[in-house]
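Enquirer: Below you will find the structure I want to go over with you.
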Amino acid sequence: MRTIDQYNFAGKKALVRVDFNVPLDSEYNITDDTRIRAAVPTINKILNDGGAVILMSHLGRPKNGPEEKFSLRHLVPRLEQEFKTRVLFAPDCVGPEAAQLAQELQPGEILLLENLRFHKAEEKGDPDFAKELASLGDVYVNDAFGTAHREHASTAVIARYFPTDKMMGYVMQAELENARRVLGNAERPYTAIMGGAKISDKILIIEKLLDRVDNLLIGGGMSFTFVKADGGQIGSSLVEEDKLDLANRLIKMAKDKGVNIMIPVDSVIADAFSNDANIDTKLSHHIPQNWMGLDIGPDAREQYAAVIANSKTILWNGPMGVFEMSNFSVGTEAVADAVVAATANGAYSLIGGGDSAAAVNKFGYADRVSYVSTGGGALLEYMEGKTLPGVAALERNDY
Ligand SMILES: Nc1ncnc2c1ncn2[C@@H]1O[C@H](COP(=O)(O)OP(=O)(O)O)[C@@H](O)[C@H]1O
Ligand SMILES: O=C(OP(=O)(O)O)[C@H](O)COP(=O)(O)O
């Protein structure tokens, strides 16, 4: 497949789909810039060739149009600091202003478009919306590995309007190369660790992973759907009611396949979603009403660390708890400690996802694991053997 190394961007306007879905704090400061730093070489290659860059991304999951907390405008200062140049901003990703800014864009300049998901057409994969985005640039570069599992207007459909001038950027290239290395020849025991908050997305991936891994450690918000499915009392913990049957089936399926699937035996619980809440530790099956599980407990930490210590390949997506709050970061840090120790003993560790990468950076472990991926769901779907729509769209001409 074509990469940007085979292309001279001189005089071209490159429309670059990046994954700038970075975590922001309540004052809109970027708390982890891994995804921005990852995209720098691609952007620099285009600028150094004498091209102009039009950046498009989503941020978060806005449901009802524009919302301040999901605005990509908050990223402009960070980009200006990185590229030591003014970064233009289009307050809507399509429409006359974006078109004019793109048209007037000069070689060496960068234009950032507002959050694509402020338009429902993005996630619907609307061809007209994709076409309007496509009209802004001469060439399409997809460097958004973290969003390559989505078949959206900017990640897949848009490729049809660039029958020849479409290619992957350096992030996509490096991520696929790394993941491919593990995909076909993971040394065993192979352990997947899954947590985080995107339950409905990620629970669907488990079935396929069961064919590949020896151990599956579940933590984070995802745990409680499994605990409830198993008859436990989970208080007000995060749960996906419509996935309870699936969770039961997955546990049975794991047993049938001989996969060691583990749900945290105990949890750190709180009476509010706050670092200042009252805190206790309870068996995950016995969480009182109005209390919620926000981290894995001490026994689960110990059990998970033991499994990780025996693993030769480790694939981890999704924090074990609300690691952004210090009182609920212990489980994630304990698992990270165990992954670092296993890596030092020769295991290959692959950790991915916006928040998982943030956690690894927070603990200062980025250099002590084998690979930190910008993709979470995308990485898992790739590792289950699926073709990612964002990658397929660059290969095909019939989108
Ligand atoms: N028990 C829990 N309850 C609620 N949220 C949780 C829980 N455990 C983890 N989380 C949250 O999950 C989020 C990360 O989920 P996700 O987006 O799936 O991970 P990633 O970005 O690494 O793919 C974090 O913001 C974290 O606070
Ligand atoms: O953060 C992302 O995925 P991740 O949480 O799996 O790492 C990507 O930006 C995709 O976002 P989405 O899951 O809202 O489509």
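Keep in mind that glycine also has a Cβ here, set from the backbone N, Cα and C atoms.
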Enquirer: Have a look through R2, R35, R37 and flag the one TrEMBL assigns to the substrate site that D19, F20, N21, H58, L59, G60, R61, R117, R150 belong to.
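Expert: According to TrEMBL, the candidate sharing the substrate site with D19, F20, N21, H58, L59, G60, R61, R117, R150 is R35.
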Enquirer: Nearest to S356 (ATP binding site) by Cα, among D19, N21, H58, G60, R117 (binding-site residues)?
Expert: N21
Enquirer: I'd like to know which of the binding-site residues listed (N21, G60, R117, G353, S356) lie near ligand 2, counting only a CB under 6 Å away.
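Expert: N21, G353, in sequence order.
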Enquirer: Taking the Cβ of D355 (ATP binding site) as reference, which residues of that chain separated by at least 6 in sequence fall under 8 Å from it?
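Expert: Once residues fewer than 6 apart are set aside, D355 (ATP binding site) is near P23, D32, G196, G318, P319, F323, G376.
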Enquirer: Can you tell which of the binding-site residues K202, G293, E324, G354 lies nearest to H58 (substrate binding site) in space, using Cα positions?
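Expert: Nearest listed residue in space: G354.
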Enquirer: If you draw a 10 Å sphere on the Cβ of G60 (substrate binding site), how many other Cβ atoms land inside?
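Expert: So the Cβ neighbour count for G60 (substrate binding site) comes to 16.
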Enquirer: Just to verify: the residue among G293, G353, G354 with the fewest other Cβ atoms within 10 Å, which of the binding-site residues is it?
Expert: G354
